[in-house]
Amino acid sequence: MREYVLIFLVAPVFAAILGPYDIPPELPPLNDENFFDRSHSEYETVLTPEDFELGTRITAAMAHDNGDDIWDSDAMYSKDRFEGDIANDNLNASTAELFANGGSGKSEDGKWYNAIKNRLQLWPEGRIPYTISSQYSSYSRSLIAASMQEYASHTCIRWVPKEAADVNYVHIYPDRGCYSMVGKMGGKQSLSLGSGCIQKGIILHELMHAVGFFHEQSRTDRDDHITIMWNNIQAGMQGQFEKYGHGTIQSLGTGYDYGSIMHYGTKAFSRNGQPTMIPKKNGATIGQRNGFSKVDKFKINTLYGCPVEGEKPTTSAPTSGPIVITVKPVVITTGKPPVIQTVSPAVPLKPSECRNLRGDCDDLAKQGWCIRNPGWMRANCPISCGMCIPTKETQKPYVQTTTQAATTTARPQKPVTQPIQPLPPVPPLPPTTPEDCEDLRVDCLVLVSQRYCKISQNFMKSYCAKSCGFCFKPPPTEIPDNRPTVVTTRPLVTLPPAVIRSRSPAPPVSTTTKAAPTTSTTSAAPYSPTPLPSECSDRKHFCSHWKSAGFCEGIFMNYMKKNCPASCGLC
């Protein structure tokens, strides 16, 4: 049954990624090969901006499925792990209290909930360094990126790429099944997203374990809200349905949440296909894997001392969708001397609109993405790029030397969290051709230092060809022209006769023609404006969309120059 649901969900996703002109005749079979390749050499890497862009489009495509992404996976219910997917060593119902805080106690209302109490097991300032296995496919990386984006959008939890100074971090890799440790355990801790786990709701679930949460149905007050059908539980698995004792978990002032993404499904550990848990509230459903409930968001923000969003949302208005602005000179060619009209620099964002939507914005700014793709960074990381009107509540951005001075502001003690609308889908990424020979990953230099140019040549030729020195330029077939080339930052323009005659001619190309910097003319022919070259036209359907998304600059500039020169003004 799960395979049919997957086909229903993924079909529109492939259509959204490929576009209306590139839909394949039939989808590939949905198996593990679509999600990861365990035969590939395994090493630690991080997500890229392209993963987050693709994740946004996949999420938008799935939104058209009317929220039917609710199926629960058997991969979450391992007989060998505590409660099916908790990987902490020697953790069970009898040791959970000792694990959480080593003592006993009682909340004010006598109830215990599902967050750890020991503050040492929380991630400092909500910053969670991570690495991700190189074995995941682009589709899987994008869903993981979309899930991390959910945390950045609704909580102050920031999943950030691991840095050299980070000793404690989460490594995500495709082991057998789905599992995670609860909270920060110290050092490198594993989080598995293997077979049956590449689904956004399950990814959110496992990441929330790492944030510091147990399952909802293990609360002390759970018997007031659900009925456990003990006769339907697999033999020996009754211990997976124990409740936590006093002193084990944190009181966060919330009622029982049937809709929590941390709740078991109705048939967890079932021996006969019948429900093992039944809600006592009429019409309530459990085990949803659509996304955070309002209470989930409230609990995460409360546990980490963030401005609260969720069950008690803030009253600030949501921001509008990101506006991608590409500043390009506009050239008007007439019979008069040319007039260059330039668009004024992008207006700094208002404080109400200025918020980093990703946890790794500072890292991306340091890697130069504010310059390489300013449109995308303005929409996702305006604070880090200094694109905001300075206020006391604005974080300190990473300051770069650009044509527009960055605004330096003060970093607050705690990030300001505001509810926002889901990001709109972005246009498809332009494909990268081998002849462009550009690095397509931001961590290429790191991979080069780890000798992957030798041990994984095929992978590095595809993603880090420039850093590895795999770029190939064919020998010239014509005699090169050694005359100096004038490089200008302004587009080619056609000049009137008076301006042309005032310029000194370039060295003659033939006995009958004289070359000028921008216009060719003969001594006998009357003046006429030189038309644009016939090949200066867009060759792709999505050129205008790619331009508005900022792809005329950065790593895709060579591709856009070849395929979308008219839209990008690169003729």
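Including glycine, each Cβ sits where the backbone N, Cα and C put it.
Note that the coordinates shown come from a computational prediction; the quantities given were computed from them, not determined experimentally.
For 1-15, the entry in Swiss-Prot reads signal peptide, with the evidence type sequence analysis.
Summarising the annotation, Swiss-Prot assigns N-linked glycosylation site to ASN92.
Other C-beta atoms found within 10 angstroms of the C-beta of HIS205 (Zn(2+) binding site) number 26, with every protein chain shown included. Residues or ranges marked as Zn(2+) binding site in Swiss-Prot (evidence: sequence analysis): HIS205, HIS209, HIS215.
Taken from Swiss-Prot, the feature active site applies to GLU206, supported by sequence analysis. All protein chains shown were included, and the count of other CB atoms within 10 Å of the CB of GLU206 (active site) stands at 23.
Taken from Swiss-Prot, the feature domain 'ShKT 2' covers 437-471. Cβ atoms under 8 Å from those of the domain 'ShKT 2' (437-471) belong to residues 40-41, 43, 45-46, 48-50, 134, 364, 367, 369, 555, 558 of the same chain, restricted to positions at least 6 beyond its ends.
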Among all protein chains shown, how many Cβ atoms are found within 10 Å of the Cβ of HIS209 (Zn(2+) binding site), not counting that one?
23
Restricting attention to the domain 'ShKT 2' (437-471), give the mean pLDDT.
77
Same chain, not part of HIS205, HIS209, HIS215: whose C-beta falls within 8 angstroms of the C-beta centre of the Zn(2+) site? Give them in sequence order.
GLU83, ASP85, ILE86, SER180, GLU206, MET208, PHE213, PHE214, ILE261, MET262
Checked against DSSP, the composition of the domain 'ShKT 2' (437-471) is 21 helix, 0 strand, 14 coil
Does DSSP put HIS205 (Zn(2+) binding site) in a helix, in a strand, or in coil?
helix
HIS215 (Zn(2+) binding site) in three-state DSSP notation:
coil
Distance from HIS215 (Zn(2+) binding site) back to GLU206 (active site), taken between C-alpha atoms, in Å
11
All chains considered, the count of other Cβ atoms within 10 Å of the Cβ of HIS215 (Zn(2+) binding site) is 24
